[in-house]
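This report concerns only the one structure given below.
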Amino acid sequence: CCFHRKGSQEMLELTSNYTSPSITFFLIGIPGLEVTHLWLLVPLSTMYIVALVGNSLILTVIWVDSALHEPMYYFLCILALVDIVMATSVVPKMLNIFWSGDGIIGFAACFTQMYVVHAATAVETGLLLAMAFDRYVAICKPLHYQTILTQQTMLGISVAIILRATTFMTPLSWMVSHLPFCGSLMVPHSYCEHMAVAKLGCADHMPSDLYSLIGSSIIVGIDVIFIATCYSRILQAVFRLSCRDAQLKALSTCGSHVGVMALYYLPGMVSIYVAWFGQDLVPLPVQVLLADFYLVIPPTLNPLIYGLRTKQIRGRGWSILKSCLPDQAN
């Protein structure tokens with residue numbers, strides 16, 4: 001493994017003067033914590049398997065059961081698909097790096113990964129807002145639910161979320177991919193995170209960094225404000241209920257949703273702001289781990305919180321699993 005890593009570094013040094021798409025990057029993994037790479041294989045593999053199985057089960061259940069073809073489950077289905085794409089775009093390469101030290105990644109593959117990862121995160125935050133709005137309408141305006149969340153409205157929301165993500169990511173990817181790379185091609189990260197790659201460029205990468213910082217802050221800021229508004233209205237409606245059991249159930253559901261959102265937003269935004277303002281305060285390995293957790297933990301927890309805790313999905317999913325098992329009576 002060490003021999004392979006050394007050879008890869010020498011090869012990259014030889015190709016470091018190229019500025020065309022023929023160049024090759026090398027992902028280091030977690031800088032300074034290479035000795036822990038093998039120890040990270042087990043938890044990372046486990047979370048990836050849980051994410052794949054859980055989100056695939058949700059997709060299957062919603063597709064099979066026509067009773068679940070409602071706005072809430074429609075958004076949940078898209079969220080599960082985005083989680084699979086987001087996790088699959090980074091985790092297999094991470095596992096390869098941690099296991100064999102093979103961090104070589106081509107120019108096109110690196111920027112494709114960069115685009116998919118950051119576009120998926122932008123889509124996911126929009127979906128979290130859409131799901132919060134769905135719950136707000138269902139709880140606070142139940143009589144108008146069918147008239148507000150029509151198929152046309154859901155399609156419009158979905159298209160707007162995707163357009164926003166692609167509109168944000170296309171200029172960012174273009175700016176970073178058109179930088180000349182004439183120095184080291186060693187990316188101090190586990191995946192092609194745009195700021196880590198941009199810093200390797202020979203030209204000024206400040207425009208792309210500023211664009212990323214301002215764009216991410218605007219998107220996340222707007223979404224968080226509206227999500228907080230939706231859940232505050234939901235809590236106000238819940239506290240007006242006379243049944244204490246209903247209050248506790250609603251509080252438990254909202255609490256779990258807010259917890260997942262905190263795990264989604266905090267590591268991502270902290271990693272962005274730390275890269276800008278706290279590089280000397282937070283060690284680089286911690287910054288990389290925050291960015292990695294930001295992409296792995298939400299796809300693992302989302303099917304558990306949003307899906308399997310839902311009675312309809314849990315019951316239908318259990319029925320599907322039992323039908324797949326051999327009949328014990330035979």
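One-based numbering along the chain as shown.
Positions of Cβ are set from backbone N, Cα and C atoms, glycine also.
Quick look at what TrEMBL lists:
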{"type": "TRANSMEM", "residues": "21-40", "note": "transmembrane segment"}
{"type": "TRANSMEM", "residues": "46-64", "note": "transmembrane segment"}
{"type": "DOMAIN", "residues": "54-306", "note": "domain 'G-protein coupled receptors family 1 profile'"}
{"type": "TRANSMEM", "residues": "71-92", "note": "transmembrane segment"}
{"type": "TRANSMEM", "residues": "104-133", "note": "transmembrane segment"}
{"type": "TRANSMEM", "residues": "154-176", "note": "transmembrane segment"}
{"type": "TRANSMEM", "residues": "210-231", "note": "transmembrane segment"}
{"type": "TRANSMEM", "residues": "251-276", "note": "transmembrane segment"}
{"type": "TRANSMEM", "residues": "288-308", "note": "transmembrane segment"}
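The highest tally of CB pairs under 8 A with the transmembrane segment (21-40), across 71-92, 154-176, 251-276, 288-308, is held by 288-308. The stretches the transmembrane segment (210-231) and the transmembrane segment (71-92) are not in mutual contact, being linked by fewer than three Cβ pairs under 8 Å (pairs 6 or more apart in sequence). Note on the transmembrane segment (71-92): residues 44, 48, 51-52, 54-56, 58-59, 62-63, 113, 116-117, 120-121, 123-124, 127-128, 130-131, 134-135, 138, 149, 154, 158, 190-191, 292, 295-296, 298-300, 302-303, 306-307, 313 of its chain, located 6 or more positions outside it, place their CB under 8 angstroms from a CB of the stretch. The domain 'G-protein coupled receptors family 1 profile' (54-306) scores a mean pLDDT of 86 in the predicted structure.
Nonlocal intrachain contacts for the transmembrane segment (104-133), taken as residues 6+ away from its ends with a CB within less than 8 angstroms of a stretch CB, comprise 8, 20-27, 72, 75-76, 78-79, 82-83, 85-86, 89-90, 93, 157-158, 160-162, 164-166, 168-169, 172-173, 176-177, 187, 191-194, 197, 219-220, 223, 226-227, 230-231, 257, 261, 264-265, 268, 294-295, 298, 306.
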